[in-house]
Amino acid sequence: MEKVFRLISVATLFLCVLSLSFAIAFGGHDYDQALTKSILFYEAQRSGYLPSTQRVKWRANSGLNDGKASGVDLVGGYHDAGDNVKFGLPMAFTVTMMSWSILEYGKQMAASGELSHAMDAVKWGTDYFIKAHPEPYVLYGEVGDGNTDHYCWQRPEDMTTDRHAYKIDPSNPGSDLAGETAAAMAAASMVFRHHNPAYASKLLSHAQQLFEFADKYRGKYDSSITVAQKYYQSVSGYDDELLWAAAWLYQATNNQYYLSYLGANGNSLGGTGWAMTEFSWDVKYAGVQVLVSKFLMQGKGGRYASVFEQYKEKAEFFICSCLGKASRNVQRTPGGLMFRQRWNNMQFVTSASFLLTVYSDYLSSAAKNVQCSAGQASPNDLFSFAKSQVDYILGDNPRATSYMVGYGSNYPQQVHHRASSIVSYKVNPTFVSCRGGYATWYSRKASDPNLLVGAVVGGPDAYDNFADERDNFEQTEPATYNNAPLIGLLARLNGGHSGYNQLLPVVLPAPKQGVTQPKPTPQVSTSAPFSIEQKTTASWNAKGRTYYRYSTIVINKSAKTVKDLKLSIAKLYGPLWGLTKTGSSYAFPQWLDSLPAGKSLEFVYIHASSAADVSVSSYTLA
């Protein structure tokens, strides 16, 4: 924002011809290395007290008084891009997309040893959101402001800029901000469900409160937090975030209320009406439409199946537009990169490519194709195009430039980023003043003293041109939401598909490699003192349908023996073994009359659907 963009004059015709030979000229990419680096970037963006496990050593503590003037602890969270402001809306979208990446491709991340790092990155954001949501109808949505922050060029450790905290409440609502934060916490609750159930339950409680806040007190957040308008204006309004939050809450809770919300409000809130060609921190419709399509493919549409088909039509319009097979298509550069705008175009590339990839896997799981106006597209068509976009980012482009800092041999050296462009506080703690930073560091034509490993910068213009200059913020500034979808993409590319069914319930493997994590614990039901864990143990095809065998384990977590246990099982469409049916409930099997402390019982069932909803309806403690 500090300097007007300058178009670089390059012989684009030559580059167009050159681009034809990319497939031959470039070898395969090290997606494992790129995944590691893309997650590491988040440690450079941390605000607050840095932990002992911090791997980006050139950063130090910062923003330690955030929220203090407002009587609330807002230490922590992420800087959004190359500045030092904590903007709530893009931060929440970042956490939602990181969580979605883990939920889809956590198995591949675990195989690479990166799952624990990815979960740490999510938790750094959700820990902050818990602080920022001190009351059901209060959410702090920004710390600092872009105007004063952009006037200065300082390390986060030296900040002298205003750190005022801005909030939304019933008198000053922000449904888009509250809705996105609800989505982030709901999605993250699923990430931690098996490994830290108490934390997951806490996140889910915050998510449900925030959704109620967003829906009950409607309004645009930038009408309440007006300092955000110049930087993260909610152009799309808040309707998409209400649907987005409901979709994530349905996934996290299996509560029919949220599914009904999507069905009943699809038309009025635009889920069935908006045919999009972008997906971003502002515009969530395509993401909602893909999620609802997933529910439909899982057989969860119920009485709203016809409405959800309309969501699916719009999801597939988005898919087709990215592939160039729709009536209105996404523009591409001569080198083949999707292009929407000259300012940080990569955010749209990574987000769209992620949707293409997960939709490809949903289609594969359901054995379906997409019918576009310009012809049919197979799941492999979607995945191959998404891969081409990732490969472009990593260096398969006319400039042979990697747009991920630190990956490959030719990547941006003058990143528009305050912390990386100024000598590390640990190397030289001499105070860097507000304007002195511009004079000494911003204007330097040398490479950054600190390598911002893994950062995906804004990227080239519509003609594949790029200028590696610090003042070219439209092209050289990175952002957290550029990387969040890319984490999932890189994990998928590195790990492959492995033949699993993407429409089945998510069960993440245990994180590995060094980072301390709580021991894996079964999914907690809403009825303490029990935990309930479900997993698929077998699947097979018969007469055109896929059947699944589910194993369900109920654990008595109390210190007493449980008697007269009654289970409620909804959405069960096949036979069950190991329980006794009593009216509308299920009780102990005939060979069992109690469940001692710490002990468990197991039952199994088979049906051609996702896991049934199992909960404890009543019990007594002996």
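Heads up, the Cβ atoms here are built off N, Cα and C, so glycines get one too.
Any TrEMBL annotation is an automated prediction that lacks curation.
Keep in mind that this is a model prediction, so the values were computed, not measured.
TrEMBL annotations:
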SIGNAL    1-23  signal peptide
ACT_SITE  His416  active site
ACT_SITE  Asp468  active site
ACT_SITE  Glu477  active site
DOMAIN    530-610  domain 'Carbohydrate binding'
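Geometry remark: Glu477 (active site) versus Asp468 (active site), CA distance 10 Å. Considering only the active-site residues His416, Asp468, Glu477, the Cβ with the fewest other Cβ atoms within 10 Å is that of Asp468. Along the domain 'Carbohydrate binding' (530-610), the predicted structure has mean pLDDT 83. Here the Cα atom of His416 (active site) is found 9 Å from that of Asp468 (active site).
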